[in-house]
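Enquirer: Starting off with a structure, shown below.
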């Protein structure tokens, strides 16, 4: 009897573990397709040697993105880097379950070495209000200059404000008073490719063979099974279309290999941009201010001297 109870307990535990594993897999798949988590998992550096940001591997459509930073900053100061990801707020994308929903956005900000996310105690109330409830994180624990955010609701955060702390060359010997490049990548909407290379339901599906569409079966949970009578070998090919894309073909139609079976439901896309920022030497700024002050004083003295000379000339003429 005891052995039987032990067996039943082990059986229940096995089922529970199986359910938890399945939940983990489903959740992981959903998250990994959400920019920019996938890039963190699959790439040591999000920017390739060619300058291309790897997020474009999953988000195939090209869309604009913009970044605004100050022209120059002083050492050890907090400033804003504003990333703008514009899109039509009325658009609804295809979700993983095939239904329509709002678009999310995400971004990766690649700063020069030494620049990093500002600690909470250094962020002013004004900047804190602009950042809202956003949760920023480093791309890697050892890469504090690369910051990622998302996915977050695009209707609320199409403009992302990153609070950035500039380095101090007096304490950081790797930092220098120079002009530096800043790179940004930003997307709106879901990707078209999953981490394992398979397609998401947010892309176009094409025929895998040439032939006649003999059957289109609408699946109970959405999506289609399309049977194609292959003209090359006389066999049949079944193409699976997940929920989301809309069919463009019908039964009895002759189609060719790679011909689109569905529309392309993707409304989002990825873009990248860059900007430049100067880490300004405070002594140079003070020197410039002193120079400007000396020029202004020289102009004032020149005007006074000129007026004094005119008075002397006028007095001599009266004599």
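We number each residue from 1, going along the chain as drawn.
Quick reminder: no glycine exception, Cβ is built from N, Cα and C everywhere.
Look at Swiss-Prot and you will find 35, 55, 58, 59 tagged as heme binding site, backed by similarity to another entry. Here Swiss-Prot flags 1-34 as signal peptide, drawing on similarity to another entry. What Swiss-Prot records for 287-304 is transmembrane segment.
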Enquirer: Give the three-state DSSP assignment (helix, strand or coil) for residue 58 (heme binding site).
Expert: coil
Enquirer: 10 Å Cβ neighbour count around residue 59 (heme binding site)?
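Expert: 28, counting other Cβ atoms within 10 Å of residue 59 (heme binding site).
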